[in-house]
Amino acid sequence: MRIEALTVAGAVEGLRRKDFSAVELTNAYLAAISRRDHEIHSYLFVAEEIARASAKIVDRGIAEGLPLPALAGIPMAVKDNILVKDLPLTSGSRILEPYIASYDATVVARLKTAGAVILGKTNLDEFAMGSSTENSAFGPTQNPRDTSRVPGGSSGGSAAAVAGDLALAALGSDTGGSIRQPAAFTGVVGMKPTYGRVSRHGLVAMASSLDQIGPLAKNVEDTALVYQAVAGHDRYDATSSEKPVETPSPVSLAGLRIGVPKEYFGQGLDPRLSDTVRAALKKFETAGARVAEISLPHAAEALAAYYIVMPAEVSANLARFDGLRYGFASAPSKTILDFYKDTRDRGFGAEPKRRIMMGTYVLSHGYYDAYYLKAQKVRRLIRRDFEDAFKDVDVLMGPTTPSVAFPFGAKSSDPLAMYLEDIYTVAVNLSGVPALSLPCGTVAEAGRALPVGLQIIGSWFDEARLLGVSKVCESVLGKIF
Amino acid sequence: MSLSRESLEHLADLARIHLAEGELSRFEKELPSLLDFVAALQSVPTDAVIPVTGGTDLTNSLRRDKEVFAPLGDPEDLRTAFSNSDERGYLVVSKIFGYED
């Protein structure tokens, strides 16, 4: 079995044909992890015994001739801010140690029902705050395409696991680009579904009005299979939508209206990425698509609005880590206030502290109207830009990131430089629409082919079309990795 | 924009975080530059714009009174999630009363 050539759909077919067993499949991935993950560091925790035991259950089902569920025997990785019962959960932070999850997140329960085998928990920037995994309290993850570079973040471990053939697919979470940006940096497919499409129950909350869980996989078909397994209403998440989840259907590029936001090709975009994305758009046009430049007038303000709304919600959500409930607690202090402050000082890294401080500032008395309320109004305008755009086009396309994967340390000393990584992705979270990053080419640098991501944005709850369009674009672009 | 040392320390108090000297001087420089960056929003006209209040426009997500929920977790499992519990099954946390002030 060559795991490099496997896909989710192909592996399920291989199990059905009895080319290999689920245990053999899981063992192949566990072997790859023990052989190569010391170099990549995509996993924080590998659940070997539990993975083998779930693979055995799948094999028993096959032996008994039971119908195979959609992800039967598929070895998957789960970002370590999503709860898997009985496994440790760190969220990339020291402050939760030694927490063991007491229940499954809804998405994990659904993966298990679909037959997936969970290999382990993947590395992330602390509390999903970052664009490189350099903010993980447990050390960074390397990019499998070039180990001197970051894999992106915050779902860098999940992206690296898929790109490095250390998992067949993975779950990540995306608050401002944390699935799409690492997918772009590592040359895999990653999708952030519509806000409310996938349950957040069992996801460690970062910014509750922006967070969504989504899949990362080697191709669009696999992404769709994982998405369909986890999507849909959940009684444990009141913000999850009751809208039915539609099956992606084949889409033709002939006559498809593609809008290209001119603001996504402005200053700060590496010209090589601009050329790569434009070359992809040209291919879609040749295949019959109608490509037209459009405008998202408030695109320039999205990052500023995001860096008010997100830290505000972070400061509220992270207030629960006080040393009393779970995880790390500092030694008893003289006053309860000292105990809280000392626990949070020693438990949190620099980036959560920075965002908690920023969030506390923008929510504090006298500044609320000028910052938070203003940002929520601008957020309405950003949302309207997308509503207007989707009156005239079916999907929007542009670069996922302004640059290719950067070397370690290149941006870690300047928070604003790191935040600018999210410039094309945050508006999607602020408005709630679904978006996917698809590898569309490479840029050569120091003898390496570094992936370039094409961001495809769909309308609210229109994942079926977004996935259909992405699939036909993928086939027009041909093999990239 | 600038942020006085006093305001920064007050903010850290509000956020319940102790910041060491090095972090205070780092944030003294970084926070004003981030606040300057987000101040770009001030020039956007937003008269009569209704602010967004969450990730969805859903309101009052209700369920029927008679719906029965399965418990979220076994109390026994919950104990493993906490740092400490005693033989009676109680979760042990640090004392929060009886401090000097």
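Using the three backbone atoms N, Cα and C, a Cβ is placed for every residue, glycine included.
Heads up, TrEMBL stuff is auto-annotated, nobody curated it.
Note that the structure is a prediction, hence the values are computed from the model and not measured.
Here TrEMBL flags A:Lys79 (among others) as active site, charge relay system. Applying an 8 A CB threshold to same-chain residues 6+ apart, the list for A:Lys79 (active site, charge relay system) reads A:Lys121, A:Thr122, A:Leu124, A:Ala128, A:Ser155, A:Gly157, A:Ser158, A:Ala170, A:Leu171, A:Gly172, A:Ser173.
The secondary structure of A:Ser154 (active site, charge relay system), as reduced to three states from DSSP, is coil rather than helix or strand. Among the features that TrEMBL reports, active site, charge relay system is placed at A:Ser154 (among others).
According to its DSSP assignment, A:Ser178 (active site, acyl-ester intermediate) is coil. Counting every protein chain shown, the Cβ of A:Ser178 (active site, acyl-ester intermediate) has 36 other Cβ atoms within 10 Å. Annotated active site, acyl-ester intermediate per TrEMBL: A:Ser178, in sequence order.
Taken from TrEMBL, the feature compositional bias 'Polar residues' covers A:133-145.
Per TrEMBL, the feature domain 'Amidase' maps to A:24-467.
What TrEMBL lists as region 'Disordered' is A:133-156. Listed by sequence, the residues of this chain that lie at least six past the ends of the region 'Disordered' (A:133-156) yet keep a Cβ under 8 A from its Cβ atoms are 39-42, 44, 79, 90, 92-94, 122-126, 163-164, 170, 172-175, 178-179, 181-187, 190, 216, 349-351, 401, 405-409, 412, 421, 446, 448-451.
Per-residue pLDDT, averaged across the domain 'Amidase' (A:24-467), gives 96. All protein chains considered, the CB of A:Ser154 (active site, charge relay system) has 36 other CB atoms within 10 Å. A:Ser178 (active site, acyl-ester intermediate) is 5 Å away from A:Ser154 (active site, charge relay system) when you measure Cα to Cα. The residues of the compositional bias 'Polar residues' (A:133-145), classed with DSSP into helix (H, G, I), strand (E, B) and coil, number 0 helix, 1 strand, 12 coil.
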